Amino acid sequence: MPDRHPIDTPSGAKRTPSSENGVSTTVTNLATVQTQRTESVLGNWLLRILRIRKGPTNVIYDLDAVATQPSIWDSENVEEYKESYIHKEWENWSAFDPSFRWTWREERAVRRKVDWKIMVWMCVMFAALNIDRNNISNAVSDNMLDDLGITRADYNIGQTISRVGFLVAELPSQLISKRIGPDLWIPIQICSFSLISAMQFFLKGKASFLATRYLIATMQGGFIPDTILYLSYWYTGNSLPIRLAWFWMSSQLVDIGVGFAAVGLLSMRGILGYEGWRWMFLIEGCFTFLVGLLSFFLMPQCPARTKSWWNPKGYFNEKEAKIIVNSVIRDDPQKGGMFNRQGLSVRQIWECSKDYDMWPLYALGLLFGIPKYPVDQYLTLSFRGLGFNVIQSNLLSIPKTVGSSITMLLITAFSELVNNRSFVSMAEDAWLLPCFAALLALKDPISAWAYFAIATVLLSFPYTHPIQVAWTSRNAGSVQNRTVSASLYNMFVQVSGMIGANIYQPTDAPRYFKANKGLLVVCVWMCVIQYPGTYFYYRWRNNTKAKKWDAMTPEEQETYRTTTTDIGNKRLDFRFAN
């Protein structure tokens, strides 16, 4: 193969190839540098389009140069590292080869293939989840509450127990996924919640409304962390964040399409004597059920096992599978520490839950999203109350989705520019703060179009949840801690949703002045205290580890790597993202 040269990689990161002379020359002194920068293709591209960042200079664009990156697997002690890092039942053993080399051209081709065969379908499945999770807001605009004889207070209860269902199912879902594999569990989830969603066609009153709200959410619980864990088998730490950005972007685009579809489906009111919202639940539920069935056949277990009786050739040939597996395990050796049919014990869950270094992120998950929930939950109902009809209310809910998609792109670019998570994630609450100030400043009676304008701007906030999910995954360290921490983070997010679902009360209607004052205080707290505090905590932790690590000699560092009992983010050579 040609000699190795630096190359501008698909993620925009200038990488330097590894040496063949042992781990001392291949592993960077992690304590003397900042945490490895997570490059964003999307953000990098936007910055160049806006002429904020210029293209790379003095880079050798040699696509036939070796793409293999520095790793502990280049060490003379590779057999010891295998025993330390790789589980004996790891499903990708057949494709793992520390001596294997490939070129940038081959890696780029394989990445595109993974994007089309794996990532695209992940986005389709996520779309199915969001269709059945969010179509309730379209239904209530079609007089669903009056048709069922339930009140807005009952609606609040329904939204609350929906969050309870999500919360209760989050960790059990992760445990089931680890036991039977996400390639089986995720399709089961989709088929289950879509079937229940379709059965909302037969709702009769309050009891059936509350029951279906709970059951749908219960079957959806854990879906997102399950999916992110599954994607981590296919992508390196540099490659995954941009895919997650598009993952959430696909959700926004689907919401736009669902908004337009709802206009047509709700217009079916009167067909066979049934209301339009019933037809919407039935038709959309059948569509998402089909997605679930197809997912059984379109989700391979892992890169090294894509062949099946219905696909005897598999998704990837032997060399492609080796490129995927070896690039991922070189990037993060701890991804081989568990296999995807391995369950977690109660003790492991408890140990992960006690990881105090993850608590700041759980606190963010609990508080950062509270202000947005009430306005979003009541948006179409508020539009109806201000005089807009069913079709107008659903069409007017689309601009905020478009706005949010645009701000997500911009926040991704900004994150790429500053290489920071704490203050970038704060952008969501910083955006909401002046909007709540405007809602409080405007006197009664507020005009319909004035409320539409403020609510649309408010709900066009830059969606930073994907950044915080990736942040949680990055700081977890080990595979088992990623599994548990992803669930715990999302559980706190669901508690946040439960709180948000009950902030707007009938006694405070229609302007909700008291509630909005409280939401304004939350925004101020997040921007002034919570996010800065999280940043400085992780900075302090990194500095503390760095002092201990730099005090070691190279020989002591090598001994530590091979003999330490520290795992995950408690290792001295691990650095937290902040």
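In case you wondered, yes, glycine gets a Cβ from its N, Cα and C as well.
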Matching 194-213, 214-233, 414-433 to TrEMBL annotations, transmembrane segment lands on 214-233
State, in range form, which of 391-411, 448-465, 486-504, 519-538 has the highest count of Cβ pairs under 8 Å to the transmembrane segment (214-233). 486-504
With the transmembrane segment (448-465) as the reference, which stretch in 245-267, 279-299, 391-411, 486-504, 519-538 has the largest tally of C-beta pairs below 8 Å? 391-411
Same chain only, please: residues at least 6 beyond the ends of the transmembrane segment (245-267) with a C-beta under 8 Å from a C-beta of the stretch. Say none if there are none. 40, 42, 119, 122-124, 126-127, 130-131, 134-135, 138, 141-142, 227, 231, 276-277, 279-280, 283-284, 390-391, 394-395, 397-398, 401-402, 404-405, 408-409, 412, 463, 465-466
